[in-house]
């Protein structure tokens with residue numbers, strides 16, 4: 001089905017209705033396959049179809065031809081499940097452990113807090129080196145370390161369980177550090193700064209392995225390793241500041257969110273866009289992230305204070321706008337199983 005969606009998009013014709021049907025069908029099949037009811041085929045009709053969102057083409061089409069379905073009268077299935085945990089301190093960055101069990105937030109008072117993703121209870125922290133504002137946090141693939149970038153131009157690495165500093169702060173940037181990211185094996189960190197450079201560090205020692213890398217004419221606000229660790233993507237200008245970049249799980253595509261309100265999907269090998277710029281928000285798009293299976297992209301806005309989830313192949317919105325924040329959204333990410341998403345402001 002993914003290949004069919006790609007083929008339809010490449011046809012360069014008006015296929016929006018078919019794309020919507022294919023997207024809904026793919027979402028329905030994915031949900032059913034991941035659910036325990038998939039062990040019994042009749043539950044396609046007994047459970048999956050009546051519990052499908054009323055806005056889905058699958059529900060609208062096949063529901064008419066399936067008699068005596070269970071009738072779901074509540075409209076809650078068409079609403080987003082939304083949990084809000086008020087930390088009491090402004091959040092500048094948020095990320096989720098690979099296992100999806102912990103949420104890490106970096107705050108403007110220089111502290112890192114770690115929460116249980118199920119209950120919202122704080123399980124560690126606050127971790128604090130100084131009072132300089134944290135602008136970015138990242139968690140290592142194994143979840144054992146947390147990296148934080150600060151307004152005072154430094155980077156710190158922490159034990160995510162004890163809160164102890166792993167090493168002395170990394171120093172080389174000459175302006176605030178706005179982005180940090182771990183390599184897939186956790187051995188390296190790439191940082192981006194408002195000094196217009198990116199640097200690759202050894203996680204254990206803090207030694208500079210590469211850089212400072214120059215080429216941007218504005219602050220490097222986002223850095224990411226490719227899934228195989230061979231490439232680094234960095235964001236700066238794109239007819240306006242690029243606030244976020246994210247590799248697809250297979251490393252073939254790159255999504256970027258920009259101050260000009262657009263989302264762009266790029267082919268990594270050719271450097272060309274694979275679809276027209278998408279504009280689902282009415283304000284700047286700060287964070288953007290892929291789901292673990294690459295089927296969806298989640299994005300957040302500043303002025304709109306909302307989250308939207310897109311089909312990665314068609315660019316069509318499949319959920320949202322999801323509202324609940326009272327300020328612009330600075331970070332979004334899916335959990336590792338793709339069933340939940342976290343946003344922070």
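The backbone N, Cα and C atoms fix where each Cβ goes, and this holds for glycine too.
Applying DSSP to the repeat 'WD' (127-168) sorts its residues as follows: 0 helix, 21 strand, 21 coil. Taken from TrEMBL, the feature repeat 'WD' covers 127-168 (among others).
Listed by sequence, the residues of this chain that lie at least six past the ends of the repeat 'WD' (170-211) yet keep a Cβ under 8 A from its Cβ atoms are 135-142, 144-145, 147-157, 217-225, 227-229, 232, 234-236. Feature annotation from TrEMBL assigns repeat 'WD' to 170-211 (among others).
Regional average pLDDT for the repeat 'WD' (235-276) in the model is 73. According to TrEMBL, the feature repeat 'WD' maps to 235-276 (among others).
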Non-local residues, at least 6 beyond the ends, that sit with Cβ under 8 Å of the repeat 'WD' (127-168):
92-99, 102, 104-114, 174-182, 184-186, 189, 191, 193, 201, 203-206
Could you give me three numbers for the repeat 'WD' (170-211), the DSSP helix, strand and coil residue counts?
0 helix, 23 strand, 19 coil
